Amino acid sequence: MVANVAIPYDAKQLSNVRVNLPSVVRSVDLLTSALIKRVTDAELLQYTLRALQLTDLTTLAGDDTESNVARLCFRAAYPFSNLAAHARMKGKVHTAAVCVYPSRVADAHRALTALGMVDRIQIASVATGFPSGSYPLETRLQEIRYAVGQGATEIDIVIDRSLVLTGRWQELYDEIVAMREACGDKVHLKAILAIGECGTMVNVYKASMVAMMAGSDFIKTSTGKEAVNATLPVGLVMIRAIQKFYRLTGKKIGLKPAGGVRTVRDAIAWMIMIRETLGEEWLKPELFRFGASGLLDDVEKQFYAVSKRL
């Protein structure tokens, strides 16, 4: 998948935006509730494996070391403790990416290289003053360049929420354009909106549009550090922005819910909503990811439980 490029800032796309939150909540319920109840065991197994393949397995702890990043990479490559399961699937089932801090990117690159998976599992790095984004622009750009130089293939930037809360959309656009340029044309950029700190759903929609205009390949809900992270209603608002941007430009932009997606049931609700709105073509790692650290535990649990029933 070719990295996105910025298009000119268009303030018209931010005018007259209205979000009816009760209607959004009802729409989510209509899109997901009935379909989740009808999922068969065979479908549950398929959803479970797909959730795994769409996951950015993440560690963003203050005590991260080379050894626990190596363990993370091994788990990403071999997510099931029963290696016989991997043998049956001929090594084709692994996570989409690992996600670490910039200082741990080189550790991830070494570990995945040793596993022979560096060309199959992406290395994502958070950057730009994660999680607050409240740092000078130049230091945030240097952080991107450092992570890319260490081997990151994806950069998860975090936007400056103060620009959202004060309506400085052109400034936000300009910053993300600079971040897009710092990534280069081969590294994908995911823009973390930190929706729990954007103030309103209207702001979430506008921030989504600005990030896509500025060249983001994905829009991502959260850092996982906010009080409110990935919820289905906010996901639907971001999906509506993705749909509008696709109609305007023909560009397909990805979505990454992060924070709060802990179980296969959570993941299924998101996958159903994506399928019912954006379509089946979005349910692939190039266009949809889960940012998660704990989801894989439930994936393994459900995989063994459902396999025994079938």
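Cβ atoms are placed via backbone N, Cα and C, with glycine included.
Fair warning: this is a prediction, and the values are worked out from it, not measured in the lab.
Here TrEMBL flags K220 as active site, schiff-base intermediate with acetaldehyde.
Over all protein chains present, the Cβ of K256 (active site, proton donor/acceptor) has 29 other Cβ atoms lying within 10 Å. Among the features that TrEMBL reports, active site, proton donor/acceptor is placed at K256.
Counting every protein chain shown, the number of other Cβ atoms lying within 10 Å of the Cβ of K220 (active site, schiff-base intermediate with acetaldehyde) is 30.
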